[in-house]
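Taken from TrEMBL, the feature active site, nucleophile covers 272. The NAD(+) binding site annotation in TrEMBL covers 8-13, 33, 38, 86-90, 127-128, 161, 272-275, 342. Residues or ranges marked as domain 'UDP-glucose/GDP-mannose dehydrogenase C-terminal' by TrEMBL: 328-452.
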């Protein structure tokens, strides 16, 4: 029986291993993590992450051929294939701070594997890592190998949160990179055979190690670039009276471009886009390619510009001050159908409004108050480091309150900011909301989820990203 062990029970390791266990009943899969509460959650009815369809998959396999454990060394020693999906956060200090990936957790994982291994192992990089990480890992393993054979593979994940299970069941492609030696190719085949249980042969791509590592960074950079491109156009639309929805629809009708990832918004979030682009920038700089580095940097600059533009628009519309005013924030997760708040645009928007002394009331169907308070108290990049290294529960940000109801959040508010495109926000009774608010009542739609004209009929002053401006907003230009 092939045994697979995965180090790291997070957003990648948990769902990926659960699906492998479901699709390969003949393989024993164990997910290990140093965090006791996290493993306890995976073994309970309340899984530590929310992902549509994940519960069913875990319940079908758990205890049969899917296990979650804190006994890392035992399972690593027994495994034939070891997936490593530990965090590779952005460094917060030292060389490359703010850009380079921090490989501390990766390196300690590699040293531990070399320590406890008693038989040959295939070690698979699952975390997004900088190009050439495999080489470093290989050196650590071979220099500590005690005669054991290690093969390194890169198998980046291309999951989108909110559709991760669907993406695992029917991937666009599975990418496996390995050494071009006979042993390397044998390892590639072993991993290919696992995926071949449910993925069609033509969707399993094999490349060399560096191509696989770089493909992941490049794919995320291209996706983020599309979002920044349409967001840049949205600013021009507002300035000229064009409608970004019409423009992006027309652009997306071109079969060479296609319609995906062309929705203007308050900005992209999520744990990967910014981190991976910063990483790409750093790698380009290290390889003497400053022009390439600067090109990719612009994608993040436009994203930051979009968030600050939104905050400026809110403040300037409301007579240039939000001090002491209640602002309702609908949605805090970085996108709908996930409870994940990593790098969400809502953090920067809330911080911007708090900087002007607003009182914020937040409603999100999946995010806890504790998470929001932690996010607002953290410094940039802290979220990706282990909880015990994050700032201790800050003196809760006094100006922020959480409600479990959109009507409660908006009651008595001067303005509403929609920051996540949850479907339920389209179905709210906005007349009821309008009646309970201070007048003039402002609606700032950061995700273009509502019908602006209908809202104006109710009485709202509406700002939708990239849409023709209210006469009111034209008189109050956003000072950048």
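Using N, Cα and C of the backbone, Cβ positions are placed for all residues, glycine too.
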Other C-beta atoms that fall within 10 angstroms of the C-beta of residue 8 (NAD(+) binding site): 24
Spatial separation of residue 272 (active site, nucleophile) from residue 8 (NAD(+) binding site) - C-alpha basis, Å: 17
Under 8 Å between C-beta atoms and at least six apart in sequence, can you list the same-chain neighbours of residue 161 (NAD(+) binding site), or say none if there are none? 11, 51, 270, 335, 337, 338, 340
Please report the Cα separation of residue 90 (NAD(+) binding site) and residue 272 (active site, nucleophile) in Å, rounded to an integer. 10
Measuring Cα to Cα, tell me the gap between residue 87 (NAD(+) binding site) and the residue listed as 'active site, nucleophile' in whole angstrom. 11
Provide, as an integer number of angstrom, the distance between the C-alpha atoms of residue 272 (active site, nucleophile) and residue 33 (NAD(+) binding site). 21
Counting other CB atoms within 10 A of each CB, which of the binding-site residues 87, 90, 274 comes out lowest? 87
Once near-sequence residues are set aside, which residues in the chain of residue 33 (NAD(+) binding site), 6 or more away, have Cβ atoms under 8 Å from its Cβ? 7, 8, 9, 10, 13, 39, 68, 70, 72
